Amino acid sequence: MSVPDATVVKAFLLDLQNRICAGLEQLDGQASFAADSWTRTEGGGGTSRVLTQGAVFEQAGVNFSHVTGAAMPASATAHRPELAGRSFEAMGVSLVIHPKNPYIPTTHANVRFFIAHKDGADPVWWFGGGFDLTPYYPFEEDVREWHQTAKNLCLPFGDDVYPKYKKWCDEYFFLPHRNETRGVGGLFFDDLNQAGFDKSFDFMQAVGNGFLTAYAPIVERRKETPYGERERDFQLYRRGRYVEFNLVYDRGTLFGLQTGGRTESILMSMPPLVRWQYAYTPEAGSPEAELYDNYLKPRDWV
């Protein structure tokens, strides 16, 4: 079994952050990312990079963090109690993109590595991550292409990989109190270590590198689509689901807050503007109704 090497993972993550920011700046064509580096008193730090008020992106945040601690927090040991009390290192790149145009979907991606140490014992480590898409208006072409890209990057690792992580994504990004998925899913994986370090790292890299391949064509296709107040209002209303999920259910958000992480970076995923409306119901036969009827539940897209 190959030996875990946090140094090579960190180098990949820093390079990935640079490449994704460059790609998003190119797609936007106007705004650029501002970098904000920070250190954590308990150990570690990171760099948050944020683009605001661009031509295409209202807000895009791409965060790198590498934090260390003497004891693992409750959120990380809830499903692995044997790890309680171990020291840990956690590193990752996490991003959320909120476009201006309601016809461009919001998206989220994350790749991460976790390693826990204990004197006299082998380190316990795993990779996690994925990417998911949250459209406001239904375009089957976009969703099928998104999932095809996800499936293609999984195929070298086995025929069962895409169906497994696609299903996990549908289950993870689900709002029980709304009885709907957050969007149309993608990939979600966690606790990945069974194949050994090298192969597990290869898969995490494939997911990180595949994100822009999946997202950029959708942005290019939709960024010039005209929209009005109705579409903007619906976009802001649906953004509320993002806030609800991240603050109530998301493991990464809860982990960051429980470990004394940097609040500005953790809440960077929040949309800059959002609205709630009491007892909203989409008009029958409308594109908004189609989103509810056909897109906010698990489907086999490819």
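The backbone N, Cα and C atoms fix where each Cβ goes, and this holds for glycine too.
If you look up Swiss-Prot, you'll see Ser94, Asn110, Val111, Arg112, Gly260, Gly261, Arg262 marked as substrate binding site, on the strength of sequence analysis. Sequence-distant neighbours of Gly260 (substrate binding site) (same chain, 6+ residues apart, CB-CB distance under 8 A): Arg40, Thr41, Glu42.
Remark: His147 (divalent metal cation binding site) has Lys166, Val184, Gly185, Gly186, Trp301, Val302 as non-local neighbours, by Cβ distance under 8 Å and separation of at least 6 in sequence. Look at Swiss-Prot and you will find His98, His108, His147, His177 tagged as divalent metal cation binding site, backed by sequence analysis.
Taken from Swiss-Prot, the feature active site, proton donor covers His108, and the record attributes it to sequence analysis. According to DSSP, His108 (divalent metal cation binding site) sits within a strand segment.
Taken from Swiss-Prot, the feature site 'Important for dimerization' applies to His177, supported by sequence analysis. Its own atom aside, the Cβ of His177 (divalent metal cation binding site) has 9 Cβ atoms within 10 angstroms in the protein chains shown. In the three-state DSSP assignment, the secondary structure recorded for His177 (divalent metal cation binding site) is coil.
Marked as region 'Important for dimerization' by Swiss-Prot: 242-277. A mean pLDDT of 89 is what the model gives for the region 'Important for dimerization' (242-277).
Closest to His177 (divalent metal cation binding site) in space, going by CA atoms and restricting to the binding-site residues Asn110, Val111, Arg112, Gly261, is Asn110. In the three-state DSSP scheme, Gly261 (substrate binding site) is classed as coil. With Ser94, Asn110, Val111, Arg112, Gly260, Gly261, Arg262 listed as the residues that bind substrate, the site has a largest C-alpha separation of 20 Å.
Residues within less than 8 Å, Cβ to Cβ, of Arg262 (substrate binding site) and separated from it by at least 6 positions along the same chain comprise Trp38, Arg40, Gly46, Ser48, Ser65, Gly256. Under the DSSP three-state reduction, His98 (divalent metal cation binding site) is assigned to strand. Proximity of Ser94 (substrate binding site) to non-local residues of its own chain (separation of 6 or more, Cβ distance below 8 Å) is seen for Val62, Asn63, Ser65, His108, Ala109, Asn110, Arg112, Gly252, Ser269, given in sequence order.
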